[in-house]
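Since the structure comes first, as C-alpha cells, the remarks are kept for the end.
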Amino acid sequence: MSFAEKITGLLARPNQQDPIGPEQPWYLKYGSRLLGIVAAFFAILFGLWNVFSILTLNVSCLVAGIIQMVAGFVVMLLEAPCCFVCFEQVNVIADKVDSKPLYFRAGLYIAMAIPPIILCFGLASLFGSGLILGTGVVYGMMALGKKASADDMRAAAQQTFGGNTPAQTNDRAGIVNNAQPFSFTGAVGTDSNV
C-alpha cells in the first residue's frame, strides 16, 4: 500500500461516494479536506482567543470570536463528521452538503470567514478565518474545473466571429489602412516652435 493510498484511506469517510468526481487529482480532493480540518481547528482556537478580548471590553472582537468559533465547528462538522460521533444527525448534514455542487461549499466557507475579519481585524481572526477563506478558495477553484488542453485553447483562439474568413496574421496588417510610419527626421512644417 503506497503512502498516497494510506492518506486517502485516512481522510475518506466510510461508504463515501466520490462527490467531487474522478476528474480532480487525489491530492486536491483530500488536500482540501485536510486544509479544512486544520482551518477548523485553528479557527476554533483563535476564536477562543478572540472571546477572551471581553477582558478588555472589546465587544466587536467578542462577537467576531464567537462567529469564528461557530464557523470552525461548522467546517469541522462538514469536513470531518467523525469528530462529532455524539450527535446522530451529523452524517446526514454532511452527506447533504456533499451532494451539493462544490461552489456551494466554497461560497459557504467564504461567507463564514469574512465577518470575523471585518469585525476584529487582528492576527487571531486573520489567521483563523483566513484558513477557512483559503479552504473556500480551494473549493472554488475545484468547482471551476481543470484548464482545457492546449489544442482546445488554440482552436478556441483561432475561431472567427462573423464569417469563415481566417484572421490576418500578416506583420503588415494594421488597424488603420494607409497609415504612415512614424518619422523622427525633423519638425513638421506647420510647427510654431512654441
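Yeah, the Cβs are placed from backbone N, Cα and C, and that goes for glycine too.
Model, not experiment: these values are computed from the prediction.
Features of the protein shown, as given by Swiss-Prot:
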type     : residues : note
TRANSMEM : 34-54    : transmembrane segment
TRANSMEM : 59-79    : transmembrane segment
SITE     : Glu79    : site 'Calcium ion selectivity'
TRANSMEM : 107-127  : transmembrane segment
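Through the fold, the transmembrane segment (59-79) approaches residues 33, 36-37, 39-44, 46-53, 90, 93-94, 97, 105, 108-109, 112-113, 115-117, 119-120, 122, 124-125, 128-129, 132, 135 of its own chain, all at least 6 residues removed from its boundaries and within a Cβ separation under 8 Å. Away from its own ends, the transmembrane segment (107-127) comes close to residues 36, 42, 46-47, 49-50, 53, 58, 60-61, 63-65, 67-68, 70-71, 74-75, 97, 133, 135-137, 139-140 of its chain (Cβ-Cβ under 8 Å, at least six residues beyond either end). The number of other CB atoms found within 10 A of the CB of Glu79 (site 'Calcium ion selectivity'), across every protein chain shown, is 25.
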